[in-house]
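Asker: To start, I am sharing the structure in question, which I have written as structure tokens.
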Amino acid sequence: MDLLKTLVDKGLRRELPTRDEALAVLSTSDDDLLDVVAAAGKVRRKWFGRRVKLNYLVNLKSGLCPEDCSYCSQRLGSKAEILKYTWLKPEQAAAAAGAGVAGGAKRVCLVASGRGPTDRDVDRVSQTISAIKEQHADVEVCACLGLLSDGQAARLRDAGADAYNHNLNTSEATYGDICTTHEYADRVSTVQQAQAAGLSACSGLIAGMGESDEDLVDVVFALRELDPDSVPVNFLIPFEGTPLAAEWNLTPQRALRILAMVRFVCPDVEVRLAGGREVQLRSMQPLALHLANSIFLGDYLTSEGQAGQADLDMIADAGFEVEGAGETTLPTHRADVAAGGCGGGACGPCGDGGDGAAAAEAAEEAGVVEAPGAEAGESASGTPRQRSELVTVRRRGAGTEVPPNA
Ligand code: SF4
């Protein structure tokens, strides 16, 4: 297919495809799917070999958010029965992070729900970063605390943060459809503040929220323009109790096309397969490793992923290898933060929500509030269908007495 040959040639040269070429990837047929994966896989191997970077999420503060992001189980008014708890203590967060590092993660992503951190929150996170780095000097730490105010990015950098995550999530044109409490421009500004402070920027998207192909291409081109080091690609986890609970719009085939399009547009950037891979790609997850060079190990912020060991087995079975602590993630022509790589994602964002910071101060000193499950979906011959039974609310790890999944 001439399209794929053109895209491979451009990807190997780090040349931007046209919008029409990116759109064409999304409209390829299922008959061509393996050709699309193979073509984008060539670009992935050129810049990242067969390495897979592992990242580990620690939800520092869960639920209680005053923002209304419609995809998020932690949003204002969410009926999702997720864990709700206020800030973990530094030693609690360090213990959770340690489980991920022991499982092979080279980056820990510290996430807190809320619009953005107060200066007191930045102090707390700074103490947590110190606690983690005291025990794991080489681990990369990415903070994902929501919209930043003046000076906060520099304070996080000075505290030892390597990266900052804040996702664009969807196109500027449709941002108002998924959130009314802040704007797309706020998100762009926060990514730029992180970059200006010398933090490695991580910013990505969530697919499956009812967006068009044009929206997906818009947000990926906007990300290319912002030039983060890592781009997490989340697939919506339609949580019961959120406005998007019925939005089972993806098939595994479409999810793979989306990942391929992101790889062609951002050929030498860490593309992270993020939240929702289990529920939306399902048995097709290993094919996605030919497109993304980074994944989250274990669980997400408010939902459970597959067992950490299953992630490691999947990587080995598919012929890939876990990126070691001494290996550099990004190609040498890109600035590489921590001497071990850099990444996408989401940390933060992560399909099951989580950007932000401070919910009501009054709720801050509260303890863990338990709650039950949610849902997910599936497809049959190209037609998505509801699969809520696939979504499992996180009931282990940070904020619980149950050991983390890593
Ligand atoms: S995505 Fe972040 S800011 Fe939006 S509702 Fe969820 S926790 Fe709050």
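Including glycine, each Cβ sits where the backbone N, Cα and C put it.
All annotation found in TrEMBL is predicted automatically rather than curated by experts.
Heads up, here are the entries from TrEMBL:
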- 47-277: domain 'Radical SAM core' (DOMAIN)
- C65, C69, C72: [4Fe-4S] cluster binding site (BINDING)
- C109, C142, C202, R272: [2Fe-2S] cluster binding site (BINDING)
- 355-406: region 'Disordered' (REGION)
- 357-382: compositional bias 'Low complexity' (COMPBIAS)
Asker: Can you tell me the three-state DSSP label for R272 ([2Fe-2S] cluster binding site)?
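Answerer: Where R272 ([2Fe-2S] cluster binding site) sits, the three-state DSSP reduction gives strand.
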Asker: How many Å separate the Cα atoms of C109 ([2Fe-2S] cluster binding site) and C72 ([4Fe-4S] cluster binding site)?
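Answerer: That separation, Cα to Cα, works out to 18 Å.
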Asker: Those binding-site residues, C65, C72, C109, C202: which ones have a Cβ sitting under 6 Å from ligand 1?
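Answerer: Going through C65, C72, C109, C202 in sequence order, those close to ligand 1 turn out to be C65, C72.
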Asker: Here the binding-site residues are C69, C72; which one has the lowest number of other Cβ atoms no more than 10 Å from its Cβ?
Answerer: C69
Asker: I'd like the number of other C-beta atoms within 10 A of the C-beta of C65 ([4Fe-4S] cluster binding site), please.
Answerer: 31
Asker: Take the C-alpha atoms of C65 ([4Fe-4S] cluster binding site) and C142 ([2Fe-2S] cluster binding site) and report the distance between them in angstrom, rounded.
Answerer: 20
Asker: Rounded to a whole number, how many Å is the Cα of C142 ([2Fe-2S] cluster binding site) away from the Cα of C72 ([4Fe-4S] cluster binding site)?
Answerer: 20
Asker: What's the CA-CA gap between C72 ([4Fe-4S] cluster binding site) and C202 ([2Fe-2S] cluster binding site) in angstrom, rounded?
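Answerer: Pair distance, Cα basis, whole Å: 19 Å.
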Asker: Would you count the other C-beta atoms found within 10 angstroms of the C-beta of R272 ([2Fe-2S] cluster binding site) for me?
Answerer: 32
Asker: Based on DSSP, name the secondary structure state of C142 ([2Fe-2S] cluster binding site): helix, strand or coil.
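Answerer: Going by the DSSP assignment, C142 ([2Fe-2S] cluster binding site) falls within a strand, counted as strand.
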